[in-house]
Each structure stands twice: as C-alpha cells, then as structure tokens.
Amino acid sequence: MTDTTKIDYSKTLYLPQTEFPMRAGLPQREPLFVQRWEEMNLYKKLREQAKDRPLYVLHDGPPYANGNIHIGHALNKILKDVITRSFQMRGYNSNYVPGWDCHGLPIEWKIEEKYRAAGKNKDEVPINEFRKECREFASNWIKVQTEEFKRLAILGDFENPYTTMNFHAEARIAGELLKFAASGQLYRGSKPVMWSVVERTALAEAEVEYHDIESDMIWVKFPVAGEVATENDLSGSAVVIWTTTPWTIPGNRAVSYSSRIEYGLFEITEAENDFGPRPGERLVFADKLVEECCAKAKLQFKRLRSVSAEELGKIVLDHPLKGFGGGYEFVVPMLDGDHVTDDAGTGFVHTAPSHGREDFEAWMDNARQLEARGIDPNIPFPVGDDGFYTKDAPGFGPDREGGPARVIDDNGKKGDANKVVIEQLIAADKLFARGRLKHSYPHSWRSKKPVIFRNTPQWFVYMDKNLGDGTTLRSRALKAIDETRFVPAAGQTRLRSMIEGRPDWVLSRQRAWGVPICVFVDEEGNILQDDAVNKRIMDAFEKEGADAWFADGARERFLGARAGEGWTQVRDILDVWFDSGSTHTFTLEDRPDLKWPADVYLEGSDQHRGWFHSSLLESCGTRGRAPYNAVVTHGFTMDEHGKKMSKSLGNTVTPQDVIKESGADILRLWVMTTDYWEDQRLGKSIIQTNIDAYRKLRNTIRWMLGTLAHDEGENVAYADLPELERLMLHRLTELDELVRSGYDTFDFKRIARALVDFMNVELSAFYFDIRKDALYCDAPSSIRRKAALQTVREIFVRLTTWLAPMLPFTMEEAWLDRYPQSVSIHAEQFRPTPAEWRDDVLAEKWRKVRAVRRVVTGALELERADKRIGSSLEAAPVVYIADKSLSDSLEGLDFAEICITSGISVSDAAAPEGAFTLGDVKGVAVVPERAKGEKCARSWRYTTDVGADPEFPEVSARDAAALRELQALGKL
C-alpha cells in the first residue's frame, strides 16, 4: 500500500445494514401481511402445527351484528387476540372462534326504520319474511365486521365463526330452554318489568341506561279507614306518601313503612295555600321528614304523639281515588318493608305491585297474610303494552270520557296520565302538595326513550326454587362464582352482589326476531311436557331454523296427535341474553376444536350484568357450574380528558381512523400500555405518545437487524463470554420469567413496560452503546465481537417473539427480514432460557458498576453541555471511589470501554474539591480530563498507539490489526 492510497475507513466497519425501513408505513404495509396470512391460511397452519398440544380456549363474547366496529370493539378484540396468540406461542393449541350475536331488538329496529321510510307497516308483513330480512341484515354486518377485525390483526377461524342465528345454534338455544322447562325452572307469571312502550317489549337490565329527567312529584293523603281506627285518635287522620310517578297511583294496593323509623301524628295549625290540607287535619309522617314536607306545602303544624310500628301494622287505609270511576273500593293495608327509609319523602312508600320491583316483592312477601285478612292478593294490570290505562284503572281507562289516558306515547313523549291523576286527587281533596324534581330515570338503550315498570305476563326462570338436590339456581351460581378466577379480583364481588340481589330471570320478549319460547301451555300456564313434541321441534329447528315455529301450520305440525287438546302455542321470543348465555353449548360443547368449560371469558365490565351473568345462570341451571374457569374484564374508552366519547361532542376516536393514519400496531400498543381493567383514555396526544414509543422500539429492532446482517451464527461458549454479555443473558432470564408470568395473569401493561424500558434503557442507552465499538471495529476473529453478535441474536429472537402477540405486524416484518424462509413468527414458540444464564451475583456486581458509570456519564454530560468536549471519546476522566465494594466491582473490567471513553483512571484517594458527584451514589466523584494521544481515524478513539503499524499510520494498533485481518480475507 503506497502513501498516496487513501482508505475510506467507513467501508472497513461492520456498520448495520438492513432493508428494514426506519419509517414503518404501517397503514400501507399492514394490509400486505393480512393478505399474506390469508393466502397461507395461517390460522389453519397453526391448528395443524399444534394439534397434539393441550387446548387453551378463550370463548368469544359475541359482538352485535349491527354497524361498523367502534373503539370498544377494537380494545376488546385486541385483548382477546393477545391472549390467544400468547398461549399459542407458549406451547398450547390456542384456538379462537369468533362469534356474533344476531337476534334482538336493534336489528328489528333497523328493518322497521326501513319499512317506515318505504311507507310499509311491519304488522302487515308476514313474520318469516320480516325475519328473513333481519337475517340478511345481520349477515351483511358480519361480513363487514369480519374484515374490520382482520385489519386489526385478529387471528381466528373467520371461515367458520359461530352465530346465534345459525340453524344448529337456534336448535341448541331452544333445547336449553326446554331443559329449563323439563326441570320445572321455567314458569309463566306476571311481574312488573321494565317496559318500552316505543318498542313494545320488556327490557333486561342490560338494555337500560339512565338519564336525568324532570318529573312531577306529589304528596298524597291516604285516609285511615274509619271502621278500623274507631278506638283511637288515628280515626279521621291520613298517612301521607310521596312519589315521582303520579300515574302509578291507580295501581296502588298498599303503603309500606319501616319498624326502624320513628313516626308521629301531627296536626296542621296554619295553611297558606288554597288547596291541600286545612287547619285541624291530622296526618302521619316520619318525625325526621315532617318539617320538610310541611314547608313544601306551606303549612304550620304541631306534634300530637308518637305512632308505633305496631299500631301502623294494624290499620288499613282508604285508596285516595276511592269511588272514582266506580272503583278503588278496596282497603289499602300497611306493610312493614326493609326498603323504606327516612332519607327522603315522608317515611312511607306508595306501593304499587304492578309498577315496581320492590313494591311487587313487598306485596308477594305478604300475599298469604293479606289473603287471610280478606284482601285480594291478585295484582292488576293497570297499564297496557301501548302505555294506555286499562280497565284495571277505573275512571282512567276505556271507561273514561274521551278514551283512556296514556302514560307514554309511541314517540316516547309523556302522555296525559300524570295530569289527569293529579287533577282527580285535587278534586278528591287527597293531594297534600306537588312539585317538580330532576332525577335519574331508566331509558331504553336503543330508542333512548323512557321506560316504565308495568305488570305483564312474562316467562321466568326461578332463582330460588329447589332443583331437587337441595340447591337453587342462585346458590349454584354463587358457588360457581367462588370457584372462578376473576381479573381484576373486584369483578367477583361485583358479580356476586348482582346474583345475590337479582329477581327471577325474565326470559320473554314480545318481538319477532329471535328464538321462540317454543312451548305449549294450557289455560293456567302449565307447560306441555312431551318428549315427542319436543323432538319434532328440535329436529325442525336443526333443519329449518327457528322460522319453523312461525310457519303456517306449526302448531299442528309439532303437537301432532295432541293438536286437539287445546294447547296454546307461545308466541313470545327469548331475551337475546339467553341466546348469548347459551353460546357455550353450541360452540364449546359441539365443536371438536374447542372444549367445555372455556379457560377464560373476557369482556367489558358491563358484562357482569350481561354475558358473564346470563352465561353463568344458563350453565348453572342446566349443568350445575359456570361455563368458564376465569373471567377477565376491561373498562370503557373515554376521550383524552376522561369524558365519554360522543358524536355530539365530536370527541370520538374510531379504530378505522387510527388505522388509516397510524396503523393497527399503534392501536395495539396503546391497548398494551393501558390499565385495561379500568376506563382508558384515547385521543390525538395519547396516540402521538404511542407513535413516539413505537418509533423508538422500531429503531431498536432495526439496529439489531442491521447488526445481525454480519452474524455468521458462530457461538461462544457461555464460560468464555465477557461479563457484559453474561449480564445481558441474565437479564433475558429475568424478562423471560416476567413475560411468561405477565401473559399468564393477563398483565400486559407490565410486559409492555418492562420490554420497552429494557429496549430503551438497557439496550439502546447501555449495552448497544457500549458494544458498538466492538461490533463495528473489532477484527472478524474477535471473540468479543462474536460474543456480542451472539447476544444480540438471542435478544432479537426473544424480544420479537415476546412482542409478537402484542405487535403482530411489526414483529412479523422484522422476523421475515431476519429469517425470510420462515413460515411466520406466529408459528414460533417462546424460546426456553438456559438455567446457566441466571447469575444473580453477577447482576449485583453490575448494579454497582452501573452506579459508578452513572456518575461518570453525568460528569461528561456537563462537559459536553459546556462545549469542552464534543464526544465522550475525547475524555479520560479520573474516578475517585471511597467505597471499596464499588471499586472492587470494577476489577477485571475495561471501565473506559464501559463508559465509552478513550481512557479512565480509578483512584482511592480523596476527591478534590469541585469534583462531580451524584447524591444517590455515595463515595464516588469524577474529575473530567481530556484523553491523551491521537484520534484513531477508524474508531475515533484517542490512543497513544496511533501509527504503531506503519502500513496504517492513521489508526490505532487494534484497528490496524483488524485491517490486516480484513486484508488477508480479501475484504479490504
């Protein structure tokens, strides 16, 4: 080589080389992977690969087949996907069968909207034609949502999903109902249910949401019946109740009190209003509430005496509407009720068993005693399904001049019922006071209109009937809850409290699109128990679907020879929660690729009252235990300020928009870094935070790929590895334990945080930074370089597989860049970690080394900031260490290499005044000094041996030796 030959030293370095782009381009690149996975049928390949492994089953809670997916769907499906992928990569056959909930009111509502727009009347359309349109509507949205889920990288058996409208599913749902009928758990009763006048159907609690409304409130006088109270001064007095539903007064049958409350008899002394109580009237109130009530009515009063609970229990009252419309001539008993408080009102509760759950329960608890007292215990039906009063509300129903009054009209608007009832109470001199109140009130989640409680004939499942083995459905469900794992644990308490307090399960809906309550009954509501009839029903549903129940001639077809016996065919359909609660039967039990019970159910926290709840009841009622071993819940997604997302507020974030602008892996990273079991926040700034975190992660992966381009797969024996490499392998053992534990406990945030911190803090800012010199500049034969490549290789394989369930697109891209002949990273397993890699003693030593290093780097940062050095390689600091355990930790190490300086001196002398220190590292001080020698043109390190090799006068002896080796290999 001549003196005139100029070497381009950058071409002699092992610099990173990769086609893995720095800019991810996820919106454009991700669909290519979706297409690749589809073309290779990745899901099927994984099933074949894992066919001999133990099954792990997450049973998919079915989303509703109506509309595009929203951010809640994305959160839910991503969490499920991470679970199934992580178990697949840890040695399980982790199947995922997606499902859809297809029946129910929302779809009916959409078809009815279409009819209304076309001027068609739904009632004039044959029911099976209507059901056909509902089925087609659901099918279309299943196709749309399938593609949207695939775009999120959800991996599942989308070619063979389950749907609740599949003929086999409908047959199985019907079969589950017939099991309840056969065991005597199903009964026809009447009960106040939440009723949507607009939709003409009963609603489950899960279908109701609460909004503030302003209502009439009234205080009403119930006179003490004279013939009962002649022996004391309660004769001629009245008990006062308070209600925010004046329209329920015609349904009143009792007044409830509490034996825990102190009551008094009060006399009115002055009255300002022209209507209402007059001076001299005597009224009974709770002592705590009389002043507030009388102030509302502008009355002055005096207390006459106490009234005991025993006394209240003996009297009966006259109905305030007594005689109106020729009705209300019955007496109104006083009932002791646990639900009565003196927090508000009068201390007495107007009890209308037709219009309230607690009212109903209080009435039924006392039914036998009431009947013994000559009081009719039957519960009336004062309001019809159309919101009009019936004949059971004399004077307000069909007998009323001008027609019956109405509680709510077809548009969900308040009718005239409150007005006419209040007017009649005034006319009867039974109104104590009136006012307006803003309060929370139930509304249909679909129509957004108020609902009412009304007594209706419905089909129920008993919660407390003895099932023949000493258990009840409630006791079975509570036992199952205790045997189930909940994440978070608070979910167990929440579901338990709901089961403990819930009433009998209402199964019926008065709609068209659903699985029918396929039973026949006599006039008393007794169910026909006939195996041959049931078999004909099940066989027909299996072949034709539940439409068979509504076809012409269905009654005769199914009853066969018993058609002449007078059995009535029930036309109600099942609540959709019974549908979804039965999915475990036709998926987990019936599919050979699944198993019963499921390992886990995962849904939003609202499903404690929804799918978790109905699945638990259905399975406990028919199989005696829950259909799941674990229940995982997530919260709801709010905007970045913690407000509920709403189109009207313009603060919604759609998964489609995030994917289009940033990519699905960004959305998945957001899910993985949230406390998903709580309510999460999402908005532009939060998305940007995740984009920034993703870029750092991607650049770390990219650097490893570029570095590994020079990896020839050589391995250095563990015993020969430098300490720094052994430290990194030790960290992999710790992370391996954390990752596996995190996936087991569904603690994804812990995994994501740990891996991101490892990549940013321990790799990019520590290990990679230190080893760049060896990786780029060392000779091909260097053990140090080979050891570093081997370690980067081990880190890459583990990081990418650990992250693959979370970021499937990016990790697939990185894996195929490194291993282009591979099927997919998702066909890989988490690598086992050799036990010898664990070295806690070494880790403790390096904790001390890194503490000293932090003081050095802190001192050099100040030097850089003050422009005294440009690079740490220009420095050769002096480190003063007073703590012997810290100085001992540096023995045998090239501490200059670790600090990325060209030299370093360690002294046990006292540090000079002004030396740099860190408060949290005691006994260490640093005095920065410039490095001696010349700058190597190849490595940029300052050494005193630059030019030692005359053939390479610009470089250090180390670099000259590397160049000679490259030259010998023909690479220079």
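Cβ coordinates are placed from backbone N, Cα and C, and glycine is handled just like the others.
Values in this document were obtained by computation on a predicted structure and should not be read as measured data.
Marked as motif ''HIGH' region' by Swiss-Prot: 63-73. Remark: secondary structure over the motif ''HIGH' region' (63-73) totals 3 helix, 1 strand, 7 coil, with classes taken from DSSP.
Following the DSSP three-state reduction, the secondary structure of E603 (L-isoleucyl-5'-AMP binding site) is strand. Under the heading L-isoleucyl-5'-AMP binding site, Swiss-Prot lists E603, citing sequence analysis as support.
Model confidence over the motif ''KMSKS' region' (644-648) stands at 80, taken as the mean pLDDT rounded to a whole number. Annotation source Swiss-Prot lists motif ''KMSKS' region' at 644-648.
Look at K647 (ATP binding site): DSSP puts it in coil. Taking the Cβ of K647 (ATP binding site) as reference, no residue of its chain lies under 8 Å away while being at least six apart in sequence. Taken from Swiss-Prot, the feature ATP binding site applies to K647.
All protein chains shown were included, and the count of other CB atoms within 10 Å of the CB of E603 (L-isoleucyl-5'-AMP binding site) stands at 22.
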